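To keep things clear, I will list the structure first and then write my remarks on it.
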Amino acid sequence: MKLLIDVGNTSLKAKLWQNEQVQACDLNNLPWHAITHVIYACVGRSELLNAILAQAAFNSISCFEAKVTKTLGGLTCAYEHFNNLGIDRWLALIASFTLYPNKACIVVDAGTATTIDVLNCDGQHLGGWILPGLDLMTRSLTQNTQRVFDDENTPFTNQLGINTPNGLKNGALVATIGAINQAKPYLNDKNTQIIFAGGYGSLLQQQFKESIFDPMLVIKGLNYWYELDENSNKL
């Protein structure tokens, strides 16, 4: 059994991996007797992660931090300075590459930031974009303009706004939808799979036919990263 930990900008997500399945866990009552590996990735800092790693060390459990590399198991990073690619983006790409082999993918992780990455059917990452997340996009306008205001009860939709709050929120949503659509010509592939993850992934997925929302995409990527990294070290 593996303990998989994803430390994002605003939260820590932890799951157990056993029998090729993601399982829920209670961080206050982890089954240390059954855990063989801890695999983690950090975008932000976390005192909770440090405490978990200390517990793992106390139980003599090996810990592995996921890192970005130029290549991994047939997947190639587009960045010349690959260390500058966020590990969460790399893990989402690894998961998409593994789950949808030989398929072109647009991978969207919609959290504090919205990242859009383009992957061709040969496993070549073509690059991507980093946008403000929907909340950050709307907040930046309300904080930096005098007459634009928000309403927390107003939902995000793709309709024209008929008042300031839904003009603001709908504008943020359609801007993000437009950015995702702009990625399609880079692949020129009618069978492109669009995959969404993150807090607003489900909302965005509803705007694209035959797309997929996978809330565990980055967590799955952690497991696949470990497996691919282990295999590459054996060669």
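Keep in mind that glycine also has a Cβ here, set from the backbone N, Cα and C atoms.
These come from Swiss-Prot:
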BINDING   ASP6, VAL7, GLY8, ASN9, THR10, SER11, LEU12, LYS13, THR112  ATP binding site
BINDING   TYR79, GLY86, ILE87, ASP88, ARG89, THR164  substrate binding site
ACT_SITE  ASP88  active site, proton acceptor
BINDING   ASP109  K(+) binding site
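In the three-state DSSP reading, ARG89 (substrate binding site) counts as helix.
Taking the Cα of the residue listed as 'K(+) binding site' as the reference point, the closest of the binding-site residues THR10, ILE87, ASP88, THR164 is ASP88. Note on proximity: among TYR79, ILE87, ASP88, the binding-site residues of the record, the Cα nearest THR10 (ATP binding site) is that of ASP88. When the Cα atoms are compared, ARG89 (substrate binding site) and GLY8 (ATP binding site) turn out to be 11 Å apart. Cα to Cα, GLY86 (substrate binding site) and GLY8 (ATP binding site) are separated by 10 Å. Using a 10 angstroms CA-CA radius around ASP88 (substrate binding site), the binding-site residues that qualify from ASP6, GLY8, LEU12, THR112 are ASP6, GLY8.
The Cβ centroid of ASP6, VAL7, GLY8, ASN9, THR10, SER11, LEU12, LYS13, THR112 marks the ATP site; residues of that chain outside this set whose Cβ lies within 8 Å of it are VAL43, GLY44, GLY111, given in sequence order.
Around THR164 (substrate binding site), the same-chain residues at least 6 positions away in sequence with a Cβ under 8 Å from its Cβ are ARG147, VAL148, PHE149.
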